[in-house]
């Protein structure tokens with residue numbers, strides 16, 4: 001039993017702002033009911049390598065992808081271009097094993113800490129964030145670990 | 001002069017997938033023209049503490065906010081609730097000094113590395129990601145560094 005159990009989903013994250021680590025929180029299903037998915041039913045999910053802290057990528061999850069991620073401990077996104085679940089690494093083999101997952105203060109963004117096998121990026125780079133705007137002119141900051149042709153067989157990603 | 005200068009914005013990020021760190025990239029303004037803002041004119045921006053790697057928050061930027069961030073080296077978002085520029089720390093004093101900024105492979109997400117003064121979260125916590133889904137039941141993983149009443153004077157955030 002949690003003091004937050006009686007709250008409407010819309011009020012839950014507001015109430016959790018003043019919650020403490022020792023407080024009993026609602027069950028996972030109640031928290032998932034309160035997640036603020038956008039009009040397309042999605043939330044942004046940031047993937048970070050758990051030990052080095054490197055931010056690897058950002059993609060989207062619907063509730064089904066989030067539940068599968070938590071159940072299987074393998075990160076699953078929702079592909080907006082293909083409009084279906086995207087089990088990270090299902091084509092490339094470059095999976096993300098879940099280490100931890102946390103929602104933000106207003107329940108509309110997820111951070112997943114992962115163990116990334118090889119490159120996270122479809123270009124073969126470790127991280128998707130490689131187009132630096134901090135120099136003039138801008139610059140590419142990393143090279144592929146693996147040729148994307150190898151990652152995806154003969155076909156283009 | 002860059003070999004990427006003649007590309008249409010829609011083709012630029014695709015072409016940059018195979019670019020190398022030694023390649024000359026287009027000027028900043030050309031890259032900003034190619035950023036894939038969403039239907040509301042926004043991109044998600046992930047803020048990470050530059051030295052510890054901690055992911056602090058995710059918010060949104062329009063082109064004006066992104067240009068101001070790069071020009072002033074102080075992170076500026078676009079507040080969706082207030083529908084105006086949100087110069088991080090303008091009320092709370094908890095600013096983010098820009099250390100670096102990078103776009104991802106398809107040009108629709110930004111990662112900013114920052115020097116965060118105090119808490120990034122309006123609840124007074126260092127990071128916004130404090131509602132862990134990795135335990136059953138879920139748990140709060142951090143406490144405020146500063147009482148939010150102190151951060152925002154008498155008024156509620």
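Just so you know, glycine gets a Cβ as well, placed from its N, Cα and C.
Per TrEMBL, the feature Mg(2+) binding site maps to A:104, A:106, A:108. Around residue A:106 (Mg(2+) binding site), the same-chain residues at least 6 positions away in sequence with a Cβ under 8 Å from its Cβ are A:13, A:36.
The annotation Zn(2+) binding site is assigned in TrEMBL to A:105, A:121, A:128. In this view, residue A:128 (Zn(2+) binding site) is surrounded by 25 other Cβ atoms within 10 Å of its Cβ, with every protein chain counted.
Marked as domain 'Phosphoribosyl-AMP cyclohydrolase' by TrEMBL: A:57-130.
Cα separation, residue A:104 (Mg(2+) binding site) to residue A:121 (Zn(2+) binding site), rounded: 24 Å. Here residue A:108 (Mg(2+) binding site) comes close to A:35, A:36, A:37, A:38, A:43, A:44: these same-chain residues lie at least six apart in sequence, with C-beta atoms under 8 angstroms from its C-beta.
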